[in-house]
Amino acid sequence: MAGSPSRAAGRRLQLPLLCLFLQGATAVLFAVFVRYNHKTDAALWHRSNHSNADNEFYFRYPSFQDVHAMVFVGFGFLMVFLQRYGFSSVGFTFLLAAFALQWSTLVQGFLHSFHGGHIHVGVESMINADFCAGAVLISFGAVLGKTGPAQLLLMALLEVVLFGINEFVLLHLLGVRDAGGSMTIHTFGAYFGLVLSRVLYRPQLEKSKHRQGSVYHSDLFAMIGTIFLWIFWPSFNAALTALGAGQHRTALNTYYSLAASTLGTFALSALVGEDGRLDMVHIQNAALAGGVVVGTSSEMMLTPFGALTAGFLAGTVSTLGYKFFRPILESKFKVQDTCGVHNLHGMPGVLGALLGVLVAGLATHEAYGDGLESVFPLIAEGQRSATSQAMHQLFGLFVTLMFASVGGGLGGLLLKLPFLDSPPDSQCYEDQVHWQVPGEHEDKAQRPLRVEEADTQA
């Protein structure tokens, strides 16, 4: 174990005690409040004389499987690019998502499906919980390698609550449409993580600079995450949209947007790369921006051409962000964004929200016909004009940025509590701080980790 005996003793107790407390408290709350909904409960379902073929499970579960794979495989492997942080990237993704999906079931349940004193859960609850876990993992990407697992669990504890409140305000109070989460998931998760990273700024992080890069095999493993995310992203955006034409259209728009963002990424990467060569960081990340940018508008009548245009724009903007804006973010704004979530989720998320404003403002009864009610119910009912819906969409973006910024600031203050274990500057981005790494003898391979230097900690 790297570090002093007192640090090792604290690490031995801190994570187990926190995991036991959080799981125990969650289990008690589940026992008191959580019940099956009428589509899951044996007695209620059969009492209603429905055919099993009508159960929502058969319509939603295939999408849930894809979303689940994205959260646990896609996000986990996308972050293994760091040469000595693969165990932590995949392992802490596993830990955070497993806790976040339980906690978000409770938080979202109290806000969305609390009836008769109970939270009623089904397959839609599982999808919503995974969406929330995705936002937490986006924030994790901004502080990857600089925080301990106990800090990350506390981050998730706070972020899930704020995610649920922000989502409730946007979807239920403002009537915002955001099927694929450009605002509620990507923008919120990115800027929560970026503000958190700013509060946890480490001026002496250069001591771990030699571990911040990738090696050939770590980039190859990260591409596994990229491919999983790329393939399943149409399901992610379409998972909770209206069955039928709405879900079909959402998947189609996402499909074309991802394809265009990939070509845009390859084009810009070669254009701005050294000697015209491609940068694997760009390909791993910016190629996915097409899925983010149509998150809000994918269920709308965006048109295939609109999806291609939005995807290409997102891929180019994301690539330029990785090449030029990411260094400025650290040097000028003191935001140490490990995974570049600002370029993959932040900027494309904001662009996606603005695209939603535009497409909502163009909505007409002629274009949507009877389908207007499933996409823009308030417009269909005459309670709101298309212009008013567009303004509500824009206001939803500002609300999301406010919740994310305030939440990230509060989270940073929470994670800076002195008793929380975090790696010193000289030991960041290193698996051996928290993991037993097979095939390596610490005394020989990681002797520098035993040196306690005077430096900052998160």
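The backbone N, Cα and C atoms fix where each Cβ goes, glycine too.
The topological domain 'Cytoplasmic' annotation in Swiss-Prot covers 1-13 (among others), and the record cites sequence analysis as its basis.
As annotated by Swiss-Prot, transmembrane segment applies to 14-34 (among others), with the evidence given as sequence analysis.
Among the features that Swiss-Prot reports, N-linked glycosylation site is placed at ASN49, with the record citing sequence analysis.
Per Swiss-Prot, the feature transmembrane segment maps to 62-82 (among others); the stated evidence is sequence analysis.
When averaged over the topological domain 'Cytoplasmic' (83-86), pLDDT in the model lands at 95. The topological domain 'Cytoplasmic' feature in Swiss-Prot is assigned to 83-86 (among others).
Residues or ranges marked as transmembrane segment by Swiss-Prot: 87-107 (among others).
Taken from Swiss-Prot, the feature transmembrane segment applies to 125-145 (among others).
For 146-149 (among others), the entry in Swiss-Prot reads topological domain 'Cytoplasmic', with the evidence type sequence analysis.
Residues annotated as transmembrane segment in Swiss-Prot: 150-170 (among others).
The transmembrane segment annotation in Swiss-Prot covers 179-201 (among others).
Residues of the same chain lying 6 or more positions beyond the ends of the topological domain 'Cytoplasmic' (202-219) and with a Cβ under 8 Å from any Cβ of it are 80-86, 145-146, 280-281, 284, 336, 338, 425-430, 453, 455-458. Annotation source Swiss-Prot lists topological domain 'Cytoplasmic' at 202-219 (among others), citing sequence analysis.
When Cβ-Cβ distances below 8 Å are used as the criterion, the transmembrane segment (220-240) is approached by residues 60, 62-64, 66-67, 69-70, 73-81, 86, 124, 127-128, 131, 179-181, 214, 247-248, 250-255, 258, 262, 280, 283-285, 287-288, 291, 294-295, 298-299 of the same chain, each at least six residues removed from its ends. For 220-240 (among others), the entry in Swiss-Prot reads transmembrane segment, with the evidence type sequence analysis.
Swiss-Prot lists 252-272 (among others) with the feature transmembrane segment.
The feature topological domain 'Cytoplasmic' is assigned by Swiss-Prot to 273-282 (among others). Beyond the ends of the topological domain 'Cytoplasmic' (273-282), by six or more residues, the same chain brings 81, 214, 219, 222-223, 265-266, 318-319, 322-323, 340 to within a C-beta distance below 8 angstroms of the stretch.
Annotation comment: Swiss-Prot describes 283-303 (among others) as transmembrane segment, evidence class sequence analysis. With a threshold of 8 Å between CB atoms, the same-chain residues lying at least 6 positions outside the transmembrane segment (283-303) that come near it are 78, 81, 177-183, 185-186, 219, 222-223, 225-226, 229-230, 233-234, 236-238, 241-242, 246, 249-250, 253-254, 257-262, 264-266, 268-269, 310-315, 317-319, 321-322, 339-340, 343-345, 348-349, 351-353, 355-356, 358-360, 363, 367-368, 375, 393.
Listed by sequence, the residues of this chain that lie at least six past the ends of the transmembrane segment (305-325) yet keep a Cβ under 8 A from its Cβ atoms are 252-265, 267-269, 272, 279, 281-282, 285-287, 289-290, 292-294, 297-298, 340, 342-344, 347-348, 351-352, 355, 359. The annotation transmembrane segment is assigned in Swiss-Prot to 305-325 (among others) on the grounds of sequence analysis.
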Do at least three CB pairs under 8 A connect the transmembrane segment (179-201) and the transmembrane segment (347-367), leaving out pairs fewer than 6 apart in sequence? yes
Quick check on the region 'Interaction with ANK3' (416-424): DSSP residue counts for helix, strand, coil, in that order please. 0 helix, 0 strand, 9 coil
Counting by DSSP, what is the helix, strand and coil composition of the topological domain 'Cytoplasmic' (326-346)? 12 helix, 0 strand, 9 coil
Short question: which residues 6 or more past the ends of the transmembrane segment (14-34) have a Cβ under 8 Å from it? 99, 102-103, 105-106, 109-110, 114, 117-119, 121, 148-150, 153-154, 157, 420-421
By DSSP, what is the split of the topological domain 'Cytoplasmic' (273-282) into helix, strand and coil residues? 6 helix, 0 strand, 4 coil
